[in-house]
Amino acid sequence: MSNEQNRAEVDKRRTFAIISHPDAGKTTITEKVLLYGEAIQKAGTIKGKKSGQHAKSDWMEMEKQRGISVTTSVMQFPYGDSLVNLLDTPGHADFSEDTYRTLTAVDSCLMVIDAAKGVEERTIKLMDVTRLRDTPILTFMNKLDRDVRDPVELMDEVEEVLKIACAPITWPIGMGKQFQGVYHLLRDEVILYQSGQGHTIQDTRTIKGLDNPELDEAIGHYAQDLREEIELVQGASHEFDLDAFLKGELTPVYFGTALGNFGVDHMLDGLVEWAPTPQPRETDKRLVEPTDEGFSGFVFKIQANMDPQHRDRVAFLRIVSGRYRQGMKARHVRIGKDVRFSDALTFMAGDRDHAEDAWPGDIIGLHNHGTIQLGDTFTAGEDMKFTGIPNFAPELFRRIQLKDPLKAKQLHKGLIQLSEEGAVQVFRPLNNNDLIVGAVGVLQFDVVVSRLKTEYKVDAAYEPINVATARWIHCDDPKTLEQFQNKAQENLAWDGSDHLTYIAPTMVNLQLAQERHPDVTFRKTREH
Ligand code: GDP
């Protein structure tokens, strides 16, 4: 492999995910984004790939039939000269820890906001997670075809609540039934909106220059309003600053309607121009650059029952460096063995086929019969481990109870394995025999009971338990730790990997414990 080829493949790629509150329009935007991808594919910009349309629609059909998608799928599509990987983040009832973890495997995020509603609760949580890596964020204010809130007010809210500066790249002209289009501040052009073109790529009319008399002809009094508004906006808002964007301190903001398929392309233009190419990653030994020659990657998600016919699990691996080739060997670092990737799934341009090559920024799916865990590293032989793929403190807790007490061993084994996979977290209190299951999304509980039944032949049910949150305990001084263990025993538990965890019945209790034990660290995430 030549280094130039590697560099070129890396430079082409953008790997991102969408963060949003349910119903803000994530699914609709994803559809439109793929529409652009397919159109470009059809137009032949990306050559030499067989059309994957069939495979993809079958795949989506399958997900639809199952109701809520329990999977996080990966979509690759071409845009301009770039190849974009979009990692889907489970959002509604299927919201789970995987949603959080996916955000640690991308290089940038698109934040979608329902412009009628503004910043909502789920978005705040997800933004928090992106801060672990200071991931660059683009923002799309959606649903401008409805009566939405004042754009200045929306940006103020984002700045205040999410603590990120906003730099408008486009500015809306009117809204709802009167939505006329947007003014692109950097290109100095107005792009006019026409309703009823949601299913196709819009045939847009562009008018160059704010002072262009054509503008007055096209949108009447909106033209003069726009000129005055833009003057104010330019004075009062941040200018786009690439550096600040890359540090996650400033977000470029776009306005449009995903349903009307207007504005999504402006955002995509920004994404391929500014969003980072696949980034280097830290290991316990060294920093791995995407252009390093040897293959390496880490597992950020394990998906069970992806194909209902085969009860296998798929481990999603993000490639950090080198090149993946079908049939290649790689070192499974944790177990110290070389394994052959004979039937990995790739997600080339929407095709869930067996594909030949994949590069840094791409995701591959490894079939897994229990040997791969969350956070596992694969390399070309080097003994190192990627860091930064954490467990997140659960927000929901239940006590799990067996129907048949003789199955305690199986239950235990099943729960530990499911927790290694990231399906759920399990805690065993120090001073009683309870088994507490913790999750970020409610569906995780159902998935676990149903998998315990089919895979481990264990009938279990949940009971409510009074737990508000959990924190992983860290303390370098063994003596302080021991004292803490004695004092706080009734709130302590071991997690699935035998890490000491503080189980707090209320947030106030947690706060008090933290104040009482300043030498002990209470962590919201735990590394694998
Ligand atoms: P998700 O939950 O974030 O994936 O949101 P969806 O994409 O499923 O959208 C939620 C609802 O909002 C659906 O009924 C969409 O048709 C609707 N929707 C999405 N984008 C727009 C938009 O730009 N304008 C309007 N009026 N509705 C939209």
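In case you wondered, yes, glycine gets a Cβ from its N, Cα and C as well.
The feature GTP binding site is assigned by TrEMBL to 20-27, 88-92, 142-145. As annotated by TrEMBL, domain 'Tr-type G' applies to 11-279.
Sequence-distant contacts (6 or more apart, same chain, Cβ under 8 Å) of LEU144 (GTP binding site) comprise ALA115, PRO172, MET175, GLY176, PHE179, PHE255, GLY256, THR257, PHE262, GLY263. Taking SER20, THR89, LEU144 as the candidate binding-site residues, the subset whose CB lies under 6 angstroms from any atom of ligand 1 consists of SER20. With a cut-off of 8 Å between CB atoms and residues at least 6 apart in sequence, the same chain places LYS26, GLY91, MET111, VAL112, ILE113, ARG122, THR123, LEU126 near SER20 (GTP binding site), listed in sequence order. Under the DSSP three-state reduction, SER20 (GTP binding site) is assigned to strand. Same-chain residues at least 6 positions away in sequence with a Cβ under 8 Å from that of ASP23 (GTP binding site) are, in sequence order, ASP114. Listed binding-site residues: LYS26, HIS92. The one with the lowest count of other Cβ atoms within 10 Å of its Cβ is HIS92. Using a 10 Å radius centred on the Cβ of THR89 (GTP binding site) and all shown protein chains, the other Cβ atoms total 23. Across the domain 'Tr-type G' (11-279), the model assigns an average pLDDT of 87.
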